[in-house]
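Under the heading transmembrane segment, TrEMBL lists 12-31, 38-56, 62-82, 89-107, 127-144, 179-200, 212-239, 251-273. As annotated by TrEMBL, domain 'ABC transporter' applies to 299-546.
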Amino acid sequence: MDLNSFYLANESLLSSTGIGILYALSVTVLLRAGVFSLASCGLGALGAYTSSLLIIHAQLPWPLAVAAGAATATLAGVLLAATVSRLRHVFLTIATVAFAEVVRLSLVNLGSITGGPVGLGPIPRQVEAPTIWIVALAACWVVARLARTRFGISAACLGADEPASRAQGIDVARIRIKLFALSGALAGTAGALSALHNYHLDPSQFTLDQTLAVVMCAVVGGTRSVWGTIAGTAVITLIPQLLLDLGAGAGWISVAVQGAALLAVVLFLPGGLSGVLRPRVSSTVVEPAELDRAEPVELRIEQVSLSFGGVTALDGVSLHAAPGEVVGLVGPNGAGKTTLINVITGQYRPDTGSVHLAGQEITGRPVHRIARAGVGRTFQNLRVFGDLSCRDNVVSGAVTTMPATAASRILALPAARRADRAQASFAASRLGRVGLADRDLDRASSLAYGDQRRLEMARATAAAPGLLILDEPAAGMNESEALRLADTIREHAAAGHTVLVVEHNMSLIRRACDRVLVLASGRPLAEGTPDQVISDPKVIEAYLGA
Ligand SMILES: Nc1ncnc2c1ncn2[C@@H]1O[C@H](COP(=O)(O)OP(=O)(O)OP(=O)(O)O)[C@@H](O)[C@H]1O
């Protein structure tokens, strides 16, 4: 069979694979950010009907009709994101199913515009397989190139750990809106191209079954690279055809084989095919950098109280840290130390009292705003982005201060390569400082516990925050490691960070801190130099003697 006859025999299959890639990408971009959306076919339907109506009634040139379809779906994606902004996990997924069903039922019931259940047609065929593939590959290029931009890295952080992302200054609501907009643009383009290829359009092309087929392509492909999405879609789309060619094309066989493919991927390739087809990135070794000089800030907490139901976690706590000072926060379990950190960083709004940073009141501001005001933190229970490389963990710490590179990356300008090199050497120098120079491309989850703690510290200091908050940084470390950490904390103070450190290890507190506040049952118990509080009989009775 020559190329021409092969093309003629398989044009429909080629077209549906190209369209499938666009649909699968619309799921993947959200999945990578931890959002499992089933809205794609609803968004695709909006793109399909908008472009078809414009072709039928206004005889618009097809590129404009497709662009209008994509724009409608993008807008719908933004509205959907705004509507479901408070939902997470399965509730969010259910809301996206509801959205897709509302779209489908509207198409059925708005018969005067949409043709109701019978649909629209004949629609003059405007696009063929090569055009569809050019658009699909262009979309793959854009999605791949966005991965290392501020937006792409923020989305990946969001997928890994939402609270930790907020603490890096990432505006979760904004990133989710952009992601749904991108998903809408991709699905809307897919729907529009499919409508302008298939002669006929009706609501039965946008059922939950179709959405599940799209999701299957995305899951089999995985989220780590667009190569996975292309491969996943090809596998899932080509299986029925292959079975047909082999004479085993009865409906149930193809469904069973697709189901088996999905099961095999979930069981044996949790990252999907993209886990195997990962783009190669080179490791970077550079000299460890000096600590970036931070602009030290003053922290002032006045009479903060907070209760959870009947539990008083904080009761009239005040604390002052002068610029460049290291203040320790100690006390028995349940004393309110982590709660106080969460009040400073915006996770909790206090019932009464106020928090001032560099003279500005920040009480109750959103977490990402406080982080951007110059507050870096580590968590009591480690929260590195386990699925991301060490390099990306460090880069994510400074993601909000990164320059915008989307346009230069999409256009493959030399500036994009320079930005990549700058990112790599920035991360490598920070990793070098915490002894992880040779681990920059390893996944964070593959590091030993102590190394993950060091990585988290490198991430927290990446943007040179004026205030650095460390929540039990020496947990799990032996005495000599804890003392080394104390020296590192002093180095950070010398580099201009004001440091607040919660710790049970009193050797570290003695070595690192200028002053210590002792809390017990949510109330201040003592305050002074480390030696003063350690020898205070009240502290010995309530905490150290225990
Ligand atoms: N989200 C919450 N909901 C209900 N109670 C909470 C919440 N967060 C903290 N608490 C309660 O507030 C009190 C103070 O807890 P917190 O975690 O701040 O103590 P801590 O001093 O950090 O203890 P540890 O040293 O064990 O980490 C505890 O009684 C705890 O159970």
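Using the three backbone atoms N, Cα and C, a Cβ is placed for every residue, glycine included.
Automated prediction, rather than curation, is the source of TrEMBL annotations.
Keep in mind that what you see is a predicted model, and the values were worked out from it rather than measured.
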Across the domain 'ABC transporter' (299-546), what does the mean pLDDT come to, as a whole number? 93
Maximum Cβ pairs under 8 Å to the transmembrane segment (62-82) - stretch from the list 127-144, 179-200, 251-273: 179-200
Could you name the stretch, out of 38-56, 89-107, 212-239, 251-273, with the greatest number of CB pairs under 8 A to the transmembrane segment (12-31)? 212-239
Mind checking which residues of the chain, 6+ beyond the ends of the transmembrane segment (127-144), have their Cβ under 8 Å from one of its Cβ atoms? 7, 11, 14-15, 18-19, 21-22, 25, 28-29, 62, 66, 182, 186, 189, 193, 196-197, 225-226, 229-230, 410
How about the transmembrane segment (179-200) and the transmembrane segment (251-273): at least 3 CB pairs under 8 Å, pairs 6 or more apart in sequence, or not? no
Considering pairs 6 or more residues apart, do the transmembrane segment (38-56) and the transmembrane segment (212-239) have at least three CB pairs under 8 Å? yes
Same chain only, please: residues at least 6 beyond the ends of the transmembrane segment (89-107) with a C-beta under 8 Å from a C-beta of the stretch. Say none if there are none. 35-43, 45-46, 49, 76, 80, 83, 114, 116, 203, 206-208, 211
Close approaches to the transmembrane segment (212-239) from elsewhere in its chain (Cβ under 8 angstroms; 6 or more beyond its ends): 13, 16-17, 20-21, 23-28, 31-32, 38, 40-41, 140, 143-144, 159, 254, 257-258, 261-262, 265-266, 269, 271-279
So if I exclude everything within five residues of the ends of the transmembrane segment (251-273), which remaining residues of that chain have a CB under 8 angstroms from its CBs? That is, six or more out. 213, 216, 219-224, 227-228, 231-232, 235-236, 239-240, 243-244
